[in-house]
Amino acid sequence: MKRVHVVDALRGFSLLGIFLANLLIFHFSLSGKEYLDIFHISSWNYLFINIVKVGIENSFLPIFAILFGFSMDKLYQSMKVKKYKMKRLKLLFRAFFLILIGIVHGMFIWEGDILFTYGLAMIPLILFISFGEKFYKIVVFIILSLAIVFSVSGIFDNSNMSVNTSTFKEEVKQNVQLMQTGNYEEIHFNLDDSLDPKFKSLKEKFGASAPPFIFMLALLFPLSLFAIGVYFSKSGWFTKSELTFWGNKIFIYLIPVSLLVKSLVLIYPQSNTYTSLSLIFDITLSMGYIVLFKVLYKRYENRIIFKGFESIGKVSLSMYIMQSVIGTLIYYGYGLGLIGKDLFSLGFISFIIIYFIQCYIASIYLKHFRYGPLEYLLRVVTYTKINSKK
């Protein structure tokens, strides 16, 4: 099937956003990023932190997930055209391999892995991958409706979900200190992974049912985004040139509104209203970025920056893992040990430079090879045969 180049470019662009959003975790740790008051941060560095929190965090990962669903359907359609047998089984092999990569990535490289969850969420979607456009249009409508209902209901939730004790903050400090000075074994196998404040809050509210609740939530969120991506694939959304108001333009107009709501969350962190609305506007901002990128790509697709996005987008899995390795070598104790230091702006600029170096590497690599290293392995596992082509 014909490759949709705008999707490759958008995937590459989303990888920049994910890298910068992950900078919060690299720089402060997964739990520490929720308690920035325990760090000494200058006003200059706070500016860059707020840029990430408002314009990037929680709004680029959904783009990546939507494109994951899109690519999954395109792969299934390609198998149909080529008359492959046991198409769902091949997709299942793919899901299991992603789970395996996720386990290795999360245990031995970096705690912020998404591949394990993606692999798990892919499994139920395989059952419905052959359903038509109308089915997924209904699913997307239900997803958006439920998101609005949950967001609005959160405004009226007066329960106290905060876990903000001095003891807990001290534990987070100790973890950050260990990550700053510890060796590989101490960081990856001796840290207390239960210190995530959101996990603590949910455990306080739901008790013993918190872990399964979190697990279901972790699966449903990417699964919902995958479904949106499948709908985009089946409807040919990315290849349509016209921009209707309700299907496209409205999301561009909502970009400043989304940024405003996300800014208000930082100004009024204790407000249920803004926090709940941000759940909707995170996704609204994602859609705004997608539509705006689609418009800009159609106008400037031959510019070098879009070619760079396209190149890294074609090898996004390999580059995502590379980013994790680079991030840990910069911030963890067995590397430069910069975690927790008042150098966030330097990290922000460095990550952008590293990303564009990755774009250059990807463009050179693709002149000699058709697939990235991990993309090739994923293809071998999916089709259970070794492709002799480069």
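All positions are counted from 1 along the displayed chain.
Any Cβ shown, glycine's included, is placed from N, Cα and C.
The structure displayed is predicted, hence computed values, not measured ones.
Positions annotated as transmembrane segment by TrEMBL: 12-32 (among others).
Residues 7, 10-11, 13-18, 20-21, 23-24, 36, 114, 118, 125, 222, 225-230, 232-233, 238, 258-259, 262-263, 266, 278, 282-283, 285-286, 289-290, 316, 342-345, 348 of the same chain lie 6+ residues outside the transmembrane segment (44-70) yet bring a C-beta within less than 8 angstroms of a C-beta in it. Here TrEMBL flags 44-70 (among others) as transmembrane segment.
Sequence-distant contacts of the transmembrane segment (91-108) (same chain, at least 6 residues past either end, Cβ-Cβ under 8 Å): 72, 75-76, 114-120, 122-123, 126, 129, 188, 317, 321, 324, 374, 377-378, 381-382, 384. For 91-108 (among others), the entry in TrEMBL reads transmembrane segment.
Annotation source TrEMBL lists transmembrane segment at 114-131 (among others). Sequence-distant contacts of the transmembrane segment (114-131), counting only residues of its own chain at least 6 positions beyond either end whose CB sits under 8 Å from a CB of the stretch, comprise 61, 64-65, 68-69, 72-73, 76, 88, 91-92, 94-103, 105-106, 218-220, 222-223, 226-227, 230, 320.
Remote same-chain partners of the transmembrane segment (138-156), defined as residues 6 or more beyond its termini with a Cβ less than 8 Å from a stretch Cβ, comprise 224, 227-228, 231, 272-273, 275-277, 279-280, 283. According to TrEMBL, the feature transmembrane segment maps to 138-156 (among others).
Under 8 Å from some Cβ of the transmembrane segment (213-233) lie the Cβ atoms of residues 62, 65-74, 77, 114, 117-118, 120-122, 124-125, 129, 133, 136-137, 139-140, 143, 147, 199, 202, 206, all in the same chain and six or more residues away from its ends. The transmembrane segment feature in TrEMBL is assigned to 213-233 (among others).
Per TrEMBL, the feature domain 'DUF418' maps to 234-384.
Marked as transmembrane segment by TrEMBL: 245-268 (among others). Away from its own ends, the transmembrane segment (245-268) comes close to residues 50, 53-55, 59, 237, 274-275, 277-278, 281-282, 284-285, 287-292, 294-295 of its chain (Cβ-Cβ under 8 Å, at least six residues beyond either end).
Under the heading transmembrane segment, TrEMBL lists 274-297 (among others).
Annotation comment: TrEMBL describes 317-334 (among others) as transmembrane segment.
Note on the transmembrane segment (346-366): residues 12, 15-16, 19-20, 23, 26-27, 48, 51-52, 307-309, 311-312, 314-315, 319, 322-323, 326-327, 330-331, 338, 372 of its chain, located 6 or more positions outside it, place their CB under 8 angstroms from a CB of the stretch. Feature annotation from TrEMBL assigns transmembrane segment to 346-366 (among others).
This prediction places the mean pLDDT of the domain 'DUF418' (234-384) at 94. Tertiary neighbourhood of the transmembrane segment (12-32): same-chain residues 38-39, 49, 52-53, 56-61, 63-64, 67, 111-112, 172, 175-176, 179, 195-197, 289, 293, 308-314, 316, 319-320, 323-324, 327-328, 330-331, 338-340, 343-344, 347-348, 351-352, 354-355, 359, 362, selected by CB-CB distance under 8 Å and a gap of 6+ residues from either end.
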